[in-house]
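Going by TrEMBL, these are the annotated features:
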- 232-604: domain 'Ionotropic glutamate receptor C-terminal' (DOMAIN)
- 242-310: domain 'Ionotropic glutamate receptor L-glutamate and glycine-binding' (DOMAIN)
- Pro319, Ser321, Arg326, Thr491, Glu540: L-glutamate binding site (BINDING)
- 366-387: transmembrane segment (TRANSMEM)
- 436-460: transmembrane segment (TRANSMEM)
- Ile469: site 'Crucial to convey clamshell closure to channel opening' (SITE)
- Lys496: site 'Interaction with the cone snail toxin Con-ikot-ikot' (SITE)
- Cys553-Cys608: disulfide bond (DISULFID)
- 627-648: transmembrane segment (TRANSMEM)
Amino acid sequence: MLQSVTPGNGTLRVRHAHRIFKVEDAISFLRQLELLNRWSVKRVVLDCSARLAKDVIVAHVKDVHLGRRNFHYLLSGLVMDEEWDNSTPEYGALNVTGLRLVDPRRPQVQAILQRWSGQAGMDRLLSAQTALMYDSVLVITEALRQLWPELLQLHQRRLKLPQPPGSPSAANVVEGRVFNCSQGFSDVTGYEHGGKIMKQLRKIEIEGLTGNISFSHEGKRKDYTLDVVEMSANSRPVKEPPFIMQLKGEDAINKTGNDLLVGYCKDLADLLAKEIGFTYEMRLVKDKRYGAVNTSVEGNWDGIIGELVRREADMAIAPLSISLRREQAVFFTKPFMTLGISIMIKKPIRKNPGFFSFLNPFSREIWLCVVFAYFGVSIVLFLVSRFSPYEWRLEETVLGTAVTNEFTIYNSLWFVLGSLLKQGSDISPRSISGRLVGACWWFFCLILVSSYTANLAAFLTVERLVTPINSVEELASQSDVEYGTMRAGATTDFFKNSKLGVYQRMWDFMSSNEHVFVQTYREGIERVRNSKGKYALLVESTTNEYVNGRQPCDTMKVGQNLDSKGYGVATPLDSPWRDAINIAVLRLIDYGELAKLENKWWSTNSECKEVEESKASEMLLSNVAGIFYILIAGLVLAMAVALTEFCCKSKTEAKRAKTTHMDAMKARARMTISGTADVDGSKAYTPPEEFRDRFDDETGEFIGLRRLGR
């Protein structure tokens, strides 16, 4: 173990070195250094296995004789690529930095982990050793693939050469031998094509689990990346987008101090400084905590609250929730932002209207009522036409004079259907009662068709989102979608201490299913995105709305906030600035400046504008395919009915003409095709004897009807 490394002129100077074999050796040595100078900053380099490094960190945190803030651990090797249990709080209690070769965000790594997710005993992270082994096989396979045509050609050429006596033929089986490469063997010879393979290996350039893979002329790997990562506690960092963010890369060139920070809180600090008239220096909190009671530190508070209590800062502008316990330690202004616990789910895929989407403007109940109304009005119209004497008329038929009524049950159904579809019919009611029925039905159809037409375009042209849940009550009463929150935090305490029945049921579900909890909001957001709509995250509404506006734009907020709380500017209790800051916050609220800031960082700065905008588009065939299906079905049904009528009528005429059914069908078919009566080959229909005097012998006209018309 190397201890107390101090930077020099481009080099590192090591003051102490100590070899350790177990945890007790390291802790004993650290105690000795702590006794020599307790307040000095100690930078410790741990050059050991991952298991021993984890044990040393846990033992350090639990040791009451060792400080925490004055120790900074640097883990050598690729220890950070090992899996570190998030449920161990000691890992985040010290400043720990290390190197990481395997980036879990790399697509190749995520693909491998997804394939391994269903395998029992597989780790959730790829260790460096596993990734390097995978990449080694990948490099060798790629080199052999590129050399395979050349090696195959050499092998075939060798088989054509004459074999010396006693040499094994190609048909013989060669028994493999295993050698220890660390020991010398005089009878071991190199592979005849080994040089070609080694030369080809140096030319390989591919992407593997550990990043870019390429080699120098000496065979050493080059152009690869090691990430410098820092281990932090499981509390939310104060540097949280979009409240406060630190510029990096090209954006940070020629910028120092406050100019390196951007975000909502930075803009709020500028507004307060302009309103009150002060200058300030903004920095991030040292321990990256918001503030909780901690008896092991001075002032019994850590995080932002602790720095205010110890007067290390004059003001705190951060997403800092106002609570009773914090209010007793520091002073809070009026809330500059209100928020609450909300539900985040994966945004469902937008669905195009179905084939029968033209039925969507009305619910199923309305359509059923329309069908019942159609038959009901038809029956009422038939009955009133039967009872009313004004609907009856005299009509001369072949059987003589008869009293008829046009509104039979079939004609009543036809009249009502024509009125509903805005089409006319050959008949209309003559009686007052019939006209009352018709007028009421026409008014009903006017309102119904107008309402349907007004809603039809939106249902056919706008894609609709169908969410599995819409409120916290639906979330608590279903079992298809799991839900959870951070394992420790204000949201967890809210459900744990709530007295409302719905929140108590939700807490009972979460506490009995430990797998629904997450360690960080980032982990929860990724779980929402990868759960295919089967997981909902309970998160603060500000974080929810900001993440929904970030790429890949696949999350959304549903329902109302579960509670209400506020973020406030905090100052020490006896700060001379407290009243001025409080008044300035109220003035900014009245002037609408804070609303502009919120719109700037959440709405205007959104990356999902084009995705979220819902615009009407032109209708496609799939939007109206249902009406074509109905049209085709109606035409087919009409043809079937016509064929049935043709057969039945032919049978009736065959009986009257005393001929066969087939002859009657042929005669009617010829008449259908030619459009004129053709009785050749069949017997014509003649009226009965008692009705012959009613027909004109020359024209064949029915005299009774002619006289009636006169």
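Glycine too: its Cβ is placed from the backbone N, Cα and C atoms.
Annotations in TrEMBL come from automatic prediction, not curation.
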Identify which of the recorded positions Arg326, Lys496 has its Cβ surrounded by the largest number of other Cβ atoms within 10 Å, counting every protein chain shown.
Arg326
Mind checking which residues of the chain, 6+ beyond the ends of the transmembrane segment (366-387), have their Cβ under 8 Å from one of its Cβ atoms?
359, 405-409, 412-413, 415-417, 420, 429, 431, 433-434, 437-438, 440-441, 444, 448
Please report how many Å separate the Cα atom of Thr491 (L-glutamate binding site) from that of Ile469 (site 'Crucial to convey clamshell closure to channel opening'), as a whole number.
20
Near Glu540 (L-glutamate binding site), which residues of its chain come within a Cβ-Cβ distance under 8 Å, counting only those 6 or more away in sequence?
Leu339, Gly340, Ile341, Ser342, Thr491
The record lists Pro319, Ser321, Arg326, Thr491, Glu540 as binding L-glutamate. What's the largest Cα to Cα distance among them, in Å, rounded to a whole number?
19
Measure from the Cβ of Ser321 (L-glutamate binding site) and count the other Cβ atoms within 10 Å, all protein chains considered.
17
Please list the DSSP helix, strand and coil residue counts for the domain 'Ionotropic glutamate receptor L-glutamate and glycine-binding' (242-310).
31 helix, 6 strand, 32 coil
One should report the C-alpha separation between Ile469 (site 'Crucial to convey clamshell closure to channel opening') and Arg326 (L-glutamate binding site), rounded to whole angstrom, as 35
For the domain 'Ionotropic glutamate receptor C-terminal' (232-604), the mean pLDDT of the predicted model
83
